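What Swiss-Prot records for Cys44, Cys47 is active site, nucleophile. Taken from Swiss-Prot, the feature disulfide bond applies to Cys44-Cys47. What Swiss-Prot records for 3-138 is domain 'Thioredoxin'. As annotated by Swiss-Prot, site 'Contributes to redox potential value' applies to Gly45, His46.
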Amino acid sequence: MYQQKYFEKPVYYLQRNDFDDNGNLIVPELRNKKVIIMIQANYCGHCTNAKGDYYKAAKYIKELEKNGGTSYKNKVVFATIQADGDEEGEKELNQILDKIKPTFVGFPDYVLYVNGKRIEDDGPPGRNFNNIVNYVMG
């Protein structure tokens, strides 16, 4: 888990070593947390359009947590997988993308993990701020 230039905190970039071979999150800091992951690529126009609302949702949830406005206090993490990234550990994620999101069909896509395990659903119903916030708060 690291920080990069495209997204700033509170969105974290995930790497191959953050997952086991079955696609489970294994980062100790993410235990007992709800983690929403945006799977995206820089060349993807839809991803570029979706990044603003994703980042805005991440900041909004963190602000709610800071002010005690959510029962998920300090338990929601926003992360991303940079499928076309050039950092060590990013491209290797493509090898297990089918384990991380078995129903993946294109960029951007979203997947939710709770306590390191993937939740079997289709993700938020849309890419906008309200869809993302309602999804992680639900």
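Just so it is clear, glycine is given a Cβ too, placed from its N, Cα and C backbone atoms.
Distribution of Swiss-Prot features across the structure.
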residue: Cys44; record: active site, nucleophile; Cβ contacts under 8 Å, 6 or more apart: Phe107, Pro108
residue: Gly45; record: site 'Contributes to redox potential value'; Cβ contacts under 8 Å, 6 or more apart: none
residue: His46; record: site 'Contributes to redox potential value'; Cβ contacts under 8 Å, 6 or more apart: Phe107, Pro108, Arg127
residue: Cys47; record: active site, nucleophile; Cβ contacts under 8 Å, 6 or more apart: Met38, Gln40, Ala41, Phe107, Pro108
Residues of the domain 'Thioredoxin' (3-138) by DSSP state, where helix covers H, G and I: 47 helix, 27 strand, 62 coil
